[in-house]
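Asker: Below is one structure. I have some questions about it.
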């Protein structure tokens, strides 16, 4: 785990005087990209005009923004190639782009080999660059090596912020590990370079998040444009609120007002985390690059997949462990108690975690009888209530246990109605602080029906 960074945009914007260039593009091509981005800004501002009052608030805020806004970046930290910029503009002109669940950049030409060359242009970038590469190398088949004569490579620079291209675009493409970048933000940028777009830019995002255009800063509404299915793909993986590629709730907000609201309000404190890659972040990368690493595919449970680094075991979703992802992952504290639990409809059962100190996790699997559902109620919690939870109780109530569950760290969680879609629920109690005790109390029991929240995609 790394120190979480919930405030998203403050770590990657460039100063107005800084320019960006991709490896093989000409000055004319960069000028065309800027022109397209400018048209996108104007078009989105006209589509979602700011009120006069919000224009004034936004301009005042931007006048004190040290980083400012650059015409070279899309969505705050992405350097678009000319073909990518043209495709985004083309899809925006279409009224109904194809609705497919996609997130990884499309095209073999934009895909790296398993050995990815890099050059350390600025020594100031080395620490974050090497740490972020190590995070990815530890969980995939990919290897990063210092460049010798390769034509296509990553150039790690120490510019005024964090930014990257999406996918392999040719030549020496910059990835900035600049001022204000945390490790989580640095990993985020390297994942862009490997082909991941922002999660909330998916074409199906409106089923999962609402954009509060009235709260977005002037001329920054283009940062919320959706991708078309001809630009990216995510192998039909479900939307992941806990992805390290997801905007935070107030990204580009006027006076930090919320610009993103989750359709299911229970996920509001989940979005924007930069503490760790999610299971699905790494699954997407491994599906794209490492699917041929093991000669035999294991029968992994709960949506796990064969570990490309150790083909005799599976990579498992959070909270799940065992060689084939068929067990509860071992907890970090003895005080977590029993972790493989059965729900009953005849009496209520209780989980109590009392006065545990230090970082770590308690993992639980709660099962109802087939055809029934698990209901969980949070009775007590002592986590720090913050915008994006860093310590939390995570309930994975969906059938798809690979998706990050909703994370609870505020007292509003005491009123949540938490019922599993199927007969199982995975619960992860995660504590980040070394110097603070935490206490959690939950009750669970079996019910005979699952009632979806109105308007929420299940």
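The backbone N, Cα and C atoms fix where each Cβ goes, and this holds for glycine too.
All TrEMBL annotations are machine predictions without curation.
According to TrEMBL:
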ACT_SITE  189  active site
BINDING   188, 192, 198  Zn(2+) binding site
DOMAIN    103-291  domain 'Peptidase M12A'
SIGNAL    1-19  signal peptide
Asker: For residue 198 (Zn(2+) binding site), which of the three DSSP-derived states applies: helix, strand, or coil?
Answerer: coil
Asker: Under a criterion of Cβ-Cβ distance under 8 Å and sequence separation of at least 6, what residues of the same chain contact residue 198 (Zn(2+) binding site)?
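Answerer: Counting only residues 6 or more apart in sequence, the Cβ neighbours of residue 198 (Zn(2+) binding site) under 8 Å are 75, 78, 245, 246, 247.
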Asker: Please give me the CB contact count at 10 A for the residue listed as 'active site', counting all chains in the structure.
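Answerer: Cβ-Cβ neighbours of the residue listed as 'active site' within 10 Å number 29.
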Asker: By the count of other Cβ atoms within 10 Å, pick out the sparsest of the binding-site residues 188, 192.
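Answerer: Relative to the other binding-site residues in 188, 192, 192 has the fewest Cβ atoms within 10 Å.
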Asker: Any idea what the model's mean pLDDT is for the domain 'Peptidase M12A' (103-291)?
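Answerer: Averaged over the domain 'Peptidase M12A' (103-291), the predicted model reaches a pLDDT of 93.
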Asker: For the recorded Zn(2+) site formed by 188, 192, 198, which further same-chain residues have Cβ atoms within 8 Å of the site's Cβ center?
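Answerer: Other same-chain residues near the Zn(2+) site: 77, 78, 164, 166, 189, 191, 196, 197, 244, 245.
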Asker: In DSSP terms, helix, strand or coil for residue 192 (Zn(2+) binding site)?
Answerer: helix
